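Engineer: TrEMBL lists these features:
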DOMAIN    124-252  domain 'Fatty acid hydroxylase'
TRANSMEM  31-58  transmembrane segment
TRANSMEM  79-97  transmembrane segment
TRANSMEM  117-137  transmembrane segment
Amino acid sequence: MDLVLEAADRNLLTPYVYPTGWPENEPFRQLLSLFVITNLGALVLYLLFGTLSYYFIFDHKLMKHPQFLENQVRREITYALRSLPWISVPTVALFFAEVRGYSKLYDNIEDSPYGWPGVFLSMLSFLFFTDMGIYWIHRGLHHKLFYKRFHKPHHLWKIATPFASHAFHPVDGFMQSLPYHVYPFLFPLHKVTYLGLYIFVNVWTISIHDGDYRVPRLLRHIINGSAHHTDHHLYFDYNYGQYFTLWDKIGGSYKSPSAFEGKGPHDYLRKLQEK
């Protein structure tokens, strides 16, 4: 995040926003800047990619499903916009620790323990580490001690749209993002790679709520896509994973998507039309 902060300081904040005598590395200034940048970034990612997905990928026929709520899209967006600033508060604290040099993020490829192969390896390990972390956090949020208070609001959307992707209770949203932020404090990671992965995971979160169940046949039971996550919203106790089905299979919570078996929301709508 320090790359983004440096760019913001150089091109906008130092020349046009802050007093000239306020040092760029002053902690309170950095916290304030990170809070603004994090919120603006989250809004842009959510609204831009959510809107693109909603208009170009999401099947609007699903809005005729009996479990699609009245004014659902507006409610999803409203809930997300109210939650994102609160989610950003602990997130900014972690970004601040990164900026102050407490993480294992590095600037140059030659700083990687294994050069370019190490960069690619870190990308894969990031995905597998975060997939594992999110699985157990997500499953934990379904425990009766936490579900009603923190995770149930997200399950209000049985037939989700891309805008449901970030419509979480703030505690829920931050906890499920925590593995992304923990990784660079535990393992070396290139800074640009980290920013790219951060954008990717936000786009992926939108994609598993987009109602587009198409996955290459060979990957249907490997990749946790929208069909898997739709069944999670519908049937509650299955498919907690983020990218892969590995941990659901290990944890005994894997369910073959109903959409792949002719029993999904689209199939239900077709049966209603036939009647």
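Indices start at 1 and increase along the chain as displayed.
Glycine too: its Cβ is placed from the backbone N, Cα and C atoms.
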Engineer: Please report, as numbers and ranges, the same-chain residues at least 6 past the borders of the transmembrane segment (79-97) whose CB is under 8 Å from any CB of it.
Structural biologist: 1, 27, 30-31, 34-35, 38-39, 42-43, 46, 103, 153, 163, 165-170, 173-174, 177, 181, 185
Engineer: Residues of the same chain, at least six outside the transmembrane segment (31-58), with any C-beta under 8 angstroms of its C-beta?
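Structural biologist: Sequence-distant neighbours of the transmembrane segment (31-58): 1, 4-5, 8-9, 13, 73, 77, 80-81, 84-85, 87-89, 91-92, 95-96, 99, 161-163, 165-166, 199, 202-203, 206-207, 210-212.
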Engineer: Across the domain 'Fatty acid hydroxylase' (124-252), what is the average pLDDT of the model, as a whole number?
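Structural biologist: Averaged over the domain 'Fatty acid hydroxylase' (124-252), the predicted model reaches a pLDDT of 95.
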